[in-house]
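The block underneath contains the structure these notes are about, expressed in structure tokens.
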Amino acid sequence: MREILHVQAGQCGNQIGGKFWEVMCDEHGIDATGNYVGNFHLQLERVNVYYNEASGGRYVPRAVLMDLEPGTMDSLRSGPFGKIFRPDNFVFGQNGAGNNWAKGHYTEGAELIDSVLDVVRKEAENCDCLQGFQICHSLGGGTGSGMGTLLISKIREEYPDRMMLTFSVFAVPEGSDTVVEPYNATLSVHQLVENADECMVLDNEALYDICFRTLKLTNPSFGDLNHLISTTMSGVTCCLRFPGQLNSDLRKLAVNLIPFPRLHFFMVGFAPLTSRGSQQYRSLTIPELTQQMWDARNMMCAADPRHGRYLTASAMFRGKMSTKEVDQQMINVQNKNSSYFVEWIPNNVKSSVCDIPPTGLSMSSTFMGNSTSIQEMFRRVSEQFTVMFKRKAFLHWYTGEGMDEMEFTEVRANMNDLVAEYQQYQDATAVDDHEDEDEDEAMAA
């Protein structure tokens, strides 16, 4: 089986991860003690993508939980699904990273990383055919960003040919909870560009917007936000876990979505997003799902796809539906909005269909888009970084852990290069290149 090893790092990562496993257990009919209580044989057919089977028929999540302080893990352990995780797989320190990337990456995190890698190795050795790793973390704090990226680079060294998928929660544009967030995020993006294969970009502001505008919640909690993220996470991997007519896995996803190796930051969306009370008043249709899925207001990161162009996109539908109709709808979207797709990648939307809908819905769809407009997020973080770095504000916290200023200059340059690359492909047209080729041929002659 094609197993996935799940890692959650830091407070944010562990809270999202906790919610994710609740959704997984729900879909596979597994209760809070790890016993199967479902009533549908397909729930167990590929349950080992995410679960190990222990003695006595219990199912244990293939999850590694790490943090530099015990708090979040304690609350996970005492929560409703706390008993389901393998106790050895909780790896935590006592000191915390104090929102300092350097502590997570170079000092505190570096001391703990070997014990995390031992657990990762043990889980990987138990797999028949490990497909890849998925990592939940935020880029604003110290542990998820610093230690999370350290772990990614170590896993990269040891398992270079396995897929590395991250669910990364970015800094909020207005009013972050951490002053040094721009530093932490820029240092992390530098690592993700080099070592991750696919990054699903999420951010709290966009999730809050969805909660207010679409779900009509008056005061959304982090629980509501994490629920949105976890439904999307489950949609990304449903093809691996349930049979479908058009399957996809992490590698197929990467091949279809990444035209240039550094540009692997995706926007994600999910449909149907309706407020809790209004679901029973409408029936879902494929055109409706498609329309909502491509709606800019449904994107889970604060970048507007209408400000850029899609290089590629992928749509995963769940539920009983005709693949012909799905393809038809996708072609419709591309024809109607052709200016938002680059014309030099024809047919750049991949769709896949999985027969089993999520709990409580008749059909749903998950969207992933590689859009050049994601540069808005990087540009915003980079501007905040520059303003602080110019005055060397807060820098002593990082240099005190052994970093030097050169590293900061380097990560800023890398972030700006990334923005420039997105801009370059946004402006590229299909025509320019033919002229270049003619010139090349003339020179060769």
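Cβ atoms are placed via backbone N, Cα and C, with glycine included.
Secondary structure at SER138 (GTP binding site), taken from DSSP and collapsed to helix, strand or coil, is strand. SER138 (GTP binding site) is surrounded by 30 other CB atoms, counting those within 10 A of its CB over all protein chains shown. Positions annotated as GTP binding site by Swiss-Prot, on the basis of similarity to another entry: GLN11, GLU69, SER138, GLY142, THR143, GLY144, ASN204, ASN226.
The Cβ of GLU69 (GTP binding site) lies under 8 Å from the Cβ of PHE92, GLY93, GLN94, ASN95, GLY96, ALA97, THR143, each of these being in the same chain and 6 or more residues away along the sequence. In the three-state DSSP reading, GLU69 (GTP binding site) counts as coil. The annotation Mg(2+) binding site is assigned in Swiss-Prot to GLU69.
Taking a C-beta cut-off of under 8 Å and a sequence gap of six or more, ASN226 (GTP binding site) has these contacts in its own chain: GLN15, ILE16, GLY18, LYS19.
Neighbour count (other Cβ atoms within 10 Å of the Cβ, all protein chains): 24 for GLN11 (GTP binding site). The binding-site residues considered are GLY142, GLY144; of these, GLY142 has the fewest other C-beta atoms within 10 angstroms of its C-beta. One residue stands out among the binding-site residues THR143, ASN204 for having the most other Cβ atoms within 10 Å of its Cβ: THR143.
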